[in-house]
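Following: one structure in structure tokens, then a few remarks.
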Amino acid sequence: MSGAGKRVVVGMSGGVDSSVTAWLLKQQGYEVIGLFMKNWEDDDDSEYCSTRQDWLDVVSVADLIGVDVEAVNFAAEYKDRVFADFLREYSAGRTPNPDVLCNAEIKFKAFLDHAMSLGAETIATGHYARVRQNAAGRFELLKALDHTKDQSYFLHRLNQAQLSRTLFPLGEIPKTRVREIAAEIGLPNAKKKDSTGICFIGERPFRDFLNRYLPTKPGPMKTPEGKVVGEHIGLAFYTLGQRKGIGLGGSREGNGDAWYVARKDMANNTLYVVQGHDHPWLLTPVLTASDLSWVAGEPPAAGAAMAAKTRYRQSDAACTVQAVDGDALTLRFAEAQWAVTPGQSAVLYDGDICLGGGIIQ
């Protein structure tokens, strides 16, 4: 694809993926402007914050490949649109996915608006996904060809207007080849590790971070039979399916099998735990999702056979759309799903096409 004469703003994070994205687009003839987003203000000098080094990496890459870069601060927008929701959800006992909201509200809204103000026709990011326009003129979001790195799950809330102005150059390229390109062109960050976890938490212990904003509220830890086997520190600090950090590893209670978080009783501040990975309380045949968002603007029809993911990196699970009633979606799975977690996203697929989804209730 030739980009001759077209201006594109590339979200550059200092990582390998966005750096190769910028280089690829320049090779295609685009006028590339790099934009570094600062979405978090606190702890810039802490051992966990890499913002300063990331910016230096962006500048080094930009100098090498010959593109202009600028930094823009979206910290206020991030706290209002993403982090506030993150805290509300955890306070309510759910486990949110802030990366999904960050994409919809910051990277493909605030960032997109800023890029348009710079005279860009399109934006680009280093996400592993694909966009195509179908015969009806609709834009479709597809999985990356490298399914092991596919990130369409995190992008399922994007709409037609956003996708129509977005390029995902890495969607057609295996991750291994991206690393090879970085080395071949001599990128200074070619061997930099991929970022993991929630962006504003970084490598710091999650429980320590959350405790800065939410108070502990100890309560009983019970089995399904009602037997008290321990004490939790606060329901917000646990997620369904959690095994590590429960505090029952050396317990004499039970049959020796591993313990898992199974349910939260918010009204009575009680955490229910079970033993065994396949305990019935951890298996869900039917789920309901709300706060729905559909890439094409329309939901799938009731009765449609689809596939769904209820967490990132999960294999597609066969399901049937039982009902779409306003802002509520009901899915029935061919096989019960493990540790379906309220607050996470249920994302629907028709083959490689990501249709959209909603928040699990």
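Even glycines carry a Cβ here, placed using N, Cα and C.
Summarising the annotation, Swiss-Prot assigns active site, nucleophile to Cys102. Feature annotation from Swiss-Prot assigns active site, cysteine persulfide intermediate to Cys199. For Gly11, Met12, Ser13, Gly14, Gly15, Val16, Asp17, Ser18, Met37, Gly126, the entry in Swiss-Prot reads ATP binding site, with the evidence type sequence analysis. Residues or ranges marked as disulfide bond by Swiss-Prot on the basis of sequence analysis: Cys102-Cys199. Residues annotated as site 'Interaction with tRNA' in Swiss-Prot: His127, Gln344.
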Relative to the Cα of His127 (site 'Interaction with tRNA'), which of the recorded positions Ser13, Gly15, Asp17, Met37, Cys102 has the closest Cα?
Asp17
What is the nearest of the recorded positions Cys102, Cys199, Gln344 to Gly15 (ATP binding site), using the Cα of each?
Cys199
Indicate whether Cys102 (active site, nucleophile) is helix, strand or coil by DSSP.
helix
On the three-state reduction of DSSP, what should I expect for His127 (site 'Interaction with tRNA')?
coil
Taking just the CA atoms, what is the gap between Ser13 (ATP binding site) and the residue listed as 'active site, nucleophile' in Å?
14
With Asp17 (ATP binding site) as the reference Cα, tell me which of the recorded positions Cys102, Cys199, Gln344 is the closest one.
Cys199
Among the recorded positions listed here, Met37, Cys102, Cys199, which has the most company in the form of other Cβ atoms within 10 Å of its Cβ?
Cys102
Taking the Cα atoms as reference points, how far is Met37 (ATP binding site) from Cys199 (active site, cysteine persulfide intermediate) in Å?
12
Inside 10 Å of the Cβ of Gly15 (ATP binding site), count up the other Cβ atoms and send me the figure.
20
Take the C-alpha atoms of Gln344 (site 'Interaction with tRNA') and Cys102 (active site, nucleophile) and report the distance between them in angstrom, rounded.
14
Cβ-Cβ neighbours of Asp17 (ATP binding site) (radius 10 Å):
24
Tertiary neighbours of Gly11 (ATP binding site) (same chain, Cβ under 8 Å, six or more apart):
Ser18, Leu35, Met37, Lys107, Phe111, Ile123, Ala124, Thr125, Gly126
